[in-house]
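Visitor: TrEMBL feature annotations, pasted as is:
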type    : residues                            : note
BINDING : Trp72, Glu93, His96, Glu212, Asn215 : chlorophyll a 1 binding site
BINDING : Arg98                               : chlorophyll b binding site
BINDING : Arg217                              : chlorophyll a 3 binding site
SIGNAL  : 1-15                                : signal peptide
Amino acid sequence: MKFLLLLSLLAHVSAFMPTSMLSPSSKLFSDAAAPAEDEAPAAPVKAGPAYACITKAEIMSEPNTLEFGSVWDPLGLAEIGSDETLAWFRHAEVKHGRVAMAAFTGWAVVGAGLHLPGDLTRAGLHFADIPKAGLAAWDATPGIGKVQMLVFAGLVEFHDEIFQAKGFNGKESKHYLRGGTPGRNAVPGLYDPFGLSSRRSEAELARGRAVEIKNGRLAMIGFMGLYAAAMIDGSVPLQPLP
């Protein structure tokens with residue numbers, strides 16, 4: 001009992017002793033337990049984005065339309081929004097240009113009387129039964145065929161957006177809003193089935209993109225001319241396709 005009282009007394013006494021008189025081991029434990037007052041907490045580091053969208057200057061540099069003062073932007077769309085907004089505009093422009101080129105070609109092919117062989121439906125409708133006129137050909141297409149076109153276009157868009165973000169077959173494929181090239185399609189073989197772009201230099205690829213954009217713009221204007229000529233008599237001075 002006396003030994004326990006002695007230990008208790010020593011413990012109370014050591015509590016009021018200065019730290020310089022404590023044993024090295026007890027001082028070590030006290031230093032480790034006490035927080036450092038001189039060290040300020042480290043400021044949190046804000047992580048920046050791991051990507052950089054293509055800039056407006058880069059987008060507007062292609063193509064060089066000298067006919068319109070180097071830049072063709074009659075509506076001033078380049079001044080709307082951020083770099084991502086203009087990248088989305090360019091991506092949409094390239095895609096609509098491709099669709100317009102295909103539509104113009106299809107309108108001309110059908111107007112020339114060229115059709116695929118075989119039946120269009122199980123009900124006995126043949127491809128050859130489709131009228132030559134563009135809008136009449138669309139009206140003659142069965143409803144299920146129109147739905148198939150819309151579903152296919154939606155699947156292509158969905159596939160394109162997903163694989164642009166994640167990459168395709170393990171290869172790097174940046175999204176057009178995440179540093180990638182606007183207009184690049186991630187669906188394999190959809191637009192370059194023969195892989196011609198892989199054998200071209202950067203200068204040749206840049207020229208090809210410029211040519212594609214210009215031809216796409218012309219095709220959009222041309223297809224609207226075909227549509228106007230089919231809907232409004234005399235709206236186009238030239239002889240329209242049937």
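Including glycine, each Cβ sits where the backbone N, Cα and C put it.
Note that TrEMBL annotation is computational and uncurated.
Values in this document were obtained by computation on a predicted structure and should not be read as measured data.
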Visitor: Where does Glu93 (chlorophyll a 1 binding site) sit in DSSP terms: helix, strand, or coil?
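Guide: For Glu93 (chlorophyll a 1 binding site) - judged by DSSP and reduced to three states - the answer is helix.
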Visitor: Taking the Cβ of His96 (chlorophyll a 1 binding site) as the reference point, list residues of the same chain whose Cβ is under 8 angstroms away and which are at least six residues distant in sequence.
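Guide: Sequence-distant Cβ neighbours: Gly216, Met220.
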Visitor: Let's check the environment of the residue listed as 'chlorophyll a 3 binding site': how many other CB atoms sit within 10 Å of its CB?
Guide: 17
Visitor: Give me the sequence-ordered set of same-chain residues, not including Trp72, Glu93, His96, Glu212, Asn215, with a C-beta within 8 angstroms of the centroid of the chlorophyll a 1 site's C-beta atoms.
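Guide: Neighbours found: Val94, Gly97, Ile213, Lys214, Gly216, Arg217, Ala219, Met220.
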Visitor: Which value in Å gives the longest Cα to Cα span across the chlorophyll a 1 site residues Trp72, Glu93, His96, Glu212, Asn215 as recorded?
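Guide: So the maximum pairwise Cα distance among the chlorophyll a 1 binders is 17 Å.
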Visitor: Filter the binding-site residues Trp72, Glu212, Asn215, Arg217 down to the ones within 10 angstroms of Arg98 (chlorophyll b binding site), Cα to Cα, kept in sequence order.
Guide: Glu212, Asn215, Arg217
